Each structure stands twice: as structure tokens, then as C-alpha cells.
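A.B. asks: Here it is, the structure in full.
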Amino acid sequence: MPACCLLGSGHAVPERVLTNADLETLVDTSDAWIVERSGIHQRHIAEPGSALSDLAAQAAHQALAAAQLTASEIDLILVATVTGDFKFPAMACLLQEKLGAHQAAAFDLSAACSGFLYGLHLADSLIRCGGHRHILLVAAEMLSSMVNWQDRNTCVLFGDGAGALVLGPARTSAGLLSSVIHSDGRQHGLLYNPAGSQHPLTAADLASGFATIHMEGREVFRHAVVSMADALQEALDKAGIAQDDLDLLIPHQANRRIIEAIGKRFGLPAERVYINVDRYGNTSAASIPIALDEAWRSGRIQAGQHIGLTTFGAGLTWAAAILRF
Ligand SMILES: CC(C)(COP(=O)(O)OP(=O)(O)OC[C@H]1O[C@@H](n2cnc3c(N)ncnc32)[C@H](O)[C@@H]1OP(=O)(O)O)[C@@H](O)C(=O)NCCC(=O)NCCS
């Protein structure tokens with residue numbers, strides 16, 4: 001069976017912008033520190049009480065329009081998120097209602113910042129085996145809802161957003177050439193939110209910041225550079241593509257220094273490495289599809305080009321993929 005190809009893409013971010021200057025009024029930080037250590041200048045943050053599924057629906061509508069398909073032609077909705085509207089049901093079901101995609105099955109997958117590439121890997125397998133024809137893959141996160149806004153180590157890094165792809169069977173040589181996914185649960189304590197069934201929340205937990213993101217930043221950084229580079233090399237080898245033949249690398253947008261370290265390892269000049277972390281911060285699973293959609297719509301991606309994607313996230317999880325457009 002044919003591999004999957006990209007039929008259309010879209011993305012959406014909340015209107016509200018939180019600048020580094022705004023953060024200076026919340027915690028003991030500075031614009032200079034944030035820019036130097038992360039490359040982030042601003043991030044988009046959802047209004048409290050807004051629904052992430054609305055942002056996901058905006059991105060999905062754009063992707064469907066670009067693919068020239070209607071919602072009724074989608075037979076599976078996959079949503080990668082760790083910040084769905086509700087604990088259950090899956091946000092994919094809420095999105096299904098908003099789109100009117102009544103023919104589709106719908107479920108969420110949880111792989112933190114790697115969720116989009118995990119979803120792409122899964123969608124490709126489902127299309128290859130003929131189980132599904134048109135899959136809507138959405139990666140959407142509202143990490144602002146679980147950030148501790150008093151913790152300067154984490155609150156400066158994250159932003160909210162959604163990216164969407166419509167995938168279908170490839171009819172030409174364009175499509176997903178390879179994908180790899182990996183996990184190491186032994187390292188889950190480096191980046192996690194402990195709120196869950198093991199520890200039902202108390203009022204004291206809410207006040208103490210227990211139910212928020214906990215991160216060992218320096219260790220996460222170290223793992224991210226090694227894992228993202230290794231996964232990208234593995235995906236290149238699997239696709240039979242040399243690193244020189246990568247026309248554009250779109251890495252997970254967590255930190256400009258991580259992105260530049262990977263670009264350097266692969267000998268890629270700056271113009272072949274996509275960066276938008278300065279404008280959005282780390283939007284977790286949404287970061288690659290937001291960047292991919294920007295690059296595709298702006299003409300930065302052209303037919304015949306090879307695009308590398310690589311990511312890293314809590315779990316730990318990491319993944320990479322090679323696409324031909
Ligand atoms: C978080 C990160 C930006 C911190 O940069 P760093 O160079 O590693 O900085 P360190 O952790 O060594 O901290 C250096 C100092 O800056 C301080 N600091 C941390 N956040 C700060 C902030 N927002 N403003 C000012 N100072 C800050 C620390 O408290 C520390 O001070 P100390 O030396 O007095 O203890 C970086 O480690 C990182 O990006 N890690 C990966 C995070 C990530 O991508 N997570 C998501 C993965 S999907």
C-alpha cells in the first residue's frame with residue numbers, strides 16, 4: 001500500500017501575545033536572559049476559560065480547505081495533546097463535533113512534544129495498511145493552563161497553539177519517506193506534571209503549584225540535542241537520503257540553542273533550518289505542524305524538496321521523519 005502524503009495543512013494561535021517584558025512583571029527574569037538562553041521574544045497565550053478544541057478547529061478548517069476536502073470525507077481524527085479541554089472524553093471527539101466530521105472515528109494520543117510525529121507515524125501505518133483513507137491529524141496544546149506562573153524556570157518557555165494536517169494515500173513519489181519514534185520511561189521525572197489518578201488533587205496542591213509542569217531544564221536540554229539529532233540521522237538512513245539533500249529542517253521549537261546545535265551537527269546553513277520559536281515559544285506537540293504550515297504557505301517549501309522533522313519531549317519521547325513534497 002502507498003505511504004501517506006500531506007494533502008493540506010493549517011495552524012492557529014490565540015490572539016493574545018505575552019512578551020518578555022510582560023513576564024518581567026510576573027517573575028524575577030529579564031528580556032535579555034530569556035532571549036539569550038532560549039531565543040524566545042514572545043508567545044501566544046489563550047484567554048482563561050477558552051477551549052483548545054476551538055483553536056484546533058480553526059487549524060483543521062484551514063487544513064481541510066487546503067486539501068479541498070470536506071469534513072465528511074475524513075474517516076479518522078487523531079489529536080496529539082496533553083492539555084485537552086476535558087480529562088475525558090478525548091478532545092478529538094469534541095473536535096469531531098465542531099467540524100461535523102460524523103463519519104470519522106476520533107481519539108487522542110499522548111506523547112507530549114513528540115505527539116505530532118508519533119501521530120504522523122501512526123497515521124502513515126493506518127493509511128499504508130488500508131485501514132483509513134483520509135486522516136485529520138491535529139496537534140494542539142494549551143500549556144499555559146498547566147504552567148506555574150511563579151516558576152521562572154518554566155513559565156517563560158511555553159506558548160499555546162494548534163497545527164493540523166490532512167493526510168491521504170500518496171499517488172506520486174511525494175509523501176512520508178520514513179519515520180521513527182522512541183521512548184525512555186526511566187527519565188520521566190525530568191519533565192512531568194504529577195497531577196493524575198495517583199494523586200487526586202487537594203486544595204493545598206492547587207495553591208502550592210504541585211499540579212503544574214516540573215522540569216530539570218539543563219538535563220532536558222542535554223537529552224534533547226542528542227536524541228533529536230540521533231532520530232534525524234536514523235530517519236535519514238531509513239529514507240536513504242543524505243544530510244546534504246535535506247532542503248529544510250523543521251525541528252521542534254523548544255529553544256533556539258537546541259535548534260542551532262542540531263543544525264550545526266548536520267552541517268546545515270541557517271537558511272535551511274526553520275525557526276519560529278522567537279514568536280511562539282514552545283507550543284509542545286503543535287510546534288512542528290505550525291512551522292510546517294508557515295513554511296508551506298509562504299513558499300519556503302517547494303515541490304520535490306526533502307524536509308526533515310525531528311522532536312523531543314516528556315516521557316521521555318523523541319521522533320523524526322523525512323518528507324518529500
Ligand atoms: C530552561 C533553560 C532555558 C535554562 O537555560 P540554562 O542555560 O540551562 O540555565 P540553567 O538552568 O543553567 O540556569 C542558569 C541560572 O538562570 C536562572 N534562571 C532560570 N530561569 C530564569 C529566568 N527565566 N530568568 C532569569 N534567570 C533564570 C536559574 O535559576 C539559574 O540560576 P542559578 O545559577 O543561580 O541557580 C534550558 O535549560 C532549556 O531550554 N532546557 C530545555 C527545556 C525544554 O526545552 N523543555 C521542553 C522540552 S520539549
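Including glycine, each Cβ sits where the backbone N, Cα and C put it.
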A.B. asks: Given the ranges 28-32, 38-42, 148-152, 253-257, which one is assigned the annotation region 'ACP-binding' in TrEMBL?
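C.D. replies: In TrEMBL, the region 'ACP-binding' feature sits at 253-257.
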A.B. asks: With helix taken as DSSP H, G or I, strand as E or B and everything else coil, how many residues of the domain 'Beta-ketoacyl-[acyl-carrier-protein] synthase III C-terminal' (236-324) land in each class?
C.D. replies: 38 helix, 22 strand, 29 coil
A.B. asks: In terms of Cβ proximity under 8 Å, which residues at least six beyond the ends of the region 'ACP-binding' (253-257) contact it?
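C.D. replies: Same-chain residues near the region 'ACP-binding' (253-257) but 6 or more away: 37-40, 113, 157, 221, 224, 275-278, 280-283, 287-288, 290-291, 312.
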A.B. asks: Per DSSP, how many helix, strand and coil residues does the domain 'Beta-ketoacyl-[acyl-carrier-protein] synthase III N-terminal' (107-185) have?
C.D. replies: 25 helix, 31 strand, 23 coil
